[in-house]
């Protein structure tokens, strides 16, 4: 099992911690180091191929099985757990003495060797130490000393920077440059405020995207499909026909916010002929348990219906009932067939839905459960859509979105395409294909979905990244993450509230330990090779591998969790290897959000390369190139697929922080010189990715942006 810089154990005597972590539901998740002879230490994530051929040992030797689904905001993982009593919650991580004792429990464990499980630990295990010993002698790359010259950056006004770009183009796209959650909303808002930008559109993806926006009164709105410009008077907002929509959820979760706030949206929101996400698509998401059946929003199933030309679009709801009925009957065959294959009754499905909602989070809406209960399911759906959509006076106006966008550009207006998710979460990117969303969320995908003539209209992409604390959610490889992507899920940490309050709460001490002890030769150019040492951090709750401590502390301190789900995101270093490809495809402009976080760091880490290392010596063939131990993948080299990235480790360049010269909007006066550490960070990112940093975020407010002279 691939494992990397993570681990830690809670002290048994810690006040309140034992009770908080007393559930035995994850007892099979952390076998002893001696039982992981075939594991791959220090790799970032589960390798699916490995999961299918290796088995974990149950700590207690107990063989009663139950299934627990762990879902991240973008993907789902199903882990089969062996346990004596099914329950929810966290398991107290075993002590090292317990690990040693478990090595003698092989006979009982052998009876349960079909279990798929993760072998993650909270503390630093021996496997991780061995891999570090293999990598610590890696010769320092010359690139660690680059760039030789630190560029000086100066602040300019929005009119001198962003608005010049907007005015020179017809179509402006704001796109995620990493794995989503980069803070795109602030840039969207800045572009939308330009007087020539009259149209803001969401043109693909669906309810699985999300963003939080505020109006002038400071009221908070959480949207999924609704464009961010919806709160701006005089702007027209569109949801294009390549989007997928659950119209019932859209009305209940998004439009209701506008109605409650007294905002008249009828002259500023228009919906195209979107594909409809039905209740059975969401139930297929629940029952399928596939790697990309993500948030119970029905994304993969509805895109399947769309590609197969089954299902329904919004126009079907407003037209002939007989056609609507026949199409629903035909498309529902997939759902009914799955029930038959799995030997599930309607009552079984209802029970599973209620189990998903049992912790108080409404993951499966009431109308979806009502559909599962209904005897005449097609009739139920037709009545649902008649009442909630066709005959609902609050449902937004419909139009030909493609025509309206094209007409606006021809009139000399600017169109803003608001990108959901990101480049690397796009289903069109083969490198992370198995762990992506179901739409093409690259800038090219946005432009294609808008159907705006790229030969006739000038377009530009504003890429958005985030640092420090670049993050990804869901399974998949991400070499620069502090822990594997499914680490929190594997520990049954569904929200940050599942952690005892004092767990890794001292962010200041943890980041200091990381940069002081995790990179012991950071001040010696001849010895610093950028490989992070698996050191430990200790607090009143226990001992933690520094990667785990940083992952927990970053999620808590920076608020890196879902706006609604509160599921923690996995943070890590800014990744120049991945960013270089993004820039080469849809660059050069880059805006970096949340850089005021750097005010609290002794140093800031940037991944400038990877080193491939598999402890078993296995090679991986990707696109005809064979990756073997010791191979270096630099920024600008071809990015391999996840089969290789699972075994890649970041080579980190360290840059001095700027504690003495904070850039946070609340502490900095505009137009004051930018600190050298920040300038070195920006110079490093530009050097290794060939991008142009257009602006940086320095606070929570919409106008907390520092625009840079280009």
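Please read every residue number as a count from 1 along the shown chain.
Backbone N, Cα and C define each Cβ position, glycine as well.
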Among 325, 327, 351, 569, Swiss-Prot assigns to the GTP site of 180, 181, 182, 183, 184, 185, 186, 210, 211, 212, 697, 698, 699 just 569
Out of 323, 436, 437, which does Swiss-Prot tie to the same IMP site as 181, 182, 183, 184, 208, 209, 210, 211, 295, 309, 421, 567?
437
Quick one: which of 82-112, 113-143 does Swiss-Prot have down as region 'Disordered'?
82-112
For residue 211 (active site, proton donor), the three-state DSSP class is strand
Run through 181, 183, 208, 210, 211, 421 for me and report the recorded positions whose CA is within 10 Å of the CA of residue 569 (GTP binding site), in sequence order.
181
So for residue 208 (IMP binding site), how many other CB atoms are inside 10 Å of its CB?
27
Return the count of C-beta atoms lying within 10 angstroms of the C-beta of residue 569 (GTP binding site), excluding that atom itself.
28
Which whole-number value in Å describes the distance between the Cα atoms of residue 183 (IMP binding site) and residue 211 (active site, proton donor)?
9
If we take the Cα of residue 184 (GTP binding site) and draw a 10 Å sphere, the recorded positions of 208, 211, 567 inside it are 211
